[in-house]
């Protein structure tokens with residue numbers, strides 16, 4: 001694992017970026033989970049998004065990039081749950 | 001600018017992650033721009049998201065991380081436009 005020489009200030013910038021994008025993601029995911037309504041969600045786009053986050057986390061691990069690992073692992077949890085609910089809704093028999 | 005020692009394969013993984021999350025972002029932004037309807041968008045969340053992307057791009061620059069720079073600069077364009085439309089809609093007199 002290659003750990004780049006990054007100053008604490010720059011690393012702090014990374015964690016701030018991680019905080020903002022992760023924070024901005026949660027309300028939408030929580031709203032979807034509470035309402036159970038995934039009709040507005042495109043399975044294809046959400047699948048791409050969730051796969052992308054997983055890859056970013058793996059990439060962060062290989063580059064030894066803390067903010068990348070934290071931001072994407074944290075976001076992966078609600079993203080994965082919403083994706084799973086979307087899949088469930090597509091499998092459920094139409095009433 | 002600290003350029004970490006990262007193998008081409010790992011860098012490729014980063015660009016793939018960048019492609020997936022950037023791809024997954026565009027349709028929603030395009031849909032919003034075409035419809036001009038930003039009512040479903042929370043100004044606070046979108047502001048956080050856009051600020052986060054900008055910080056990720058700056059962070060990518062300081063850590064010499066190509067995928068981070070590309071993914072976030074590319075995403076910043078539609079995100080900035082949608083944010084600007086949202087601000088406009090809030091300033092427009094209510095009919």
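Cβ from N, Cα, C; glycine included.
Whatever TrEMBL says is automated annotation, not expert-curated.
Per TrEMBL, transmembrane segment is recorded for A:12-30, A:42-62, A:68-87.
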Fill in: Contact set, same chain, for the transmembrane segment (A:12-30): CB under 8 Å, 6 or more residues outside the stretch
6, 65-68, 70-71, 74-75, 78-79, 81-82
Worksheet item: When you scan the chain for residues with a C-beta under 8 Å from the transmembrane segment (A:68-87), skipping those not six or more beyond its ends, what do you find?
Response: 14-15, 17-19, 21-22, 25-26, 29-30, 32-33, 36, 38, 41, 43, 46-47, 49-50, 53-54, 56-57, 59-61
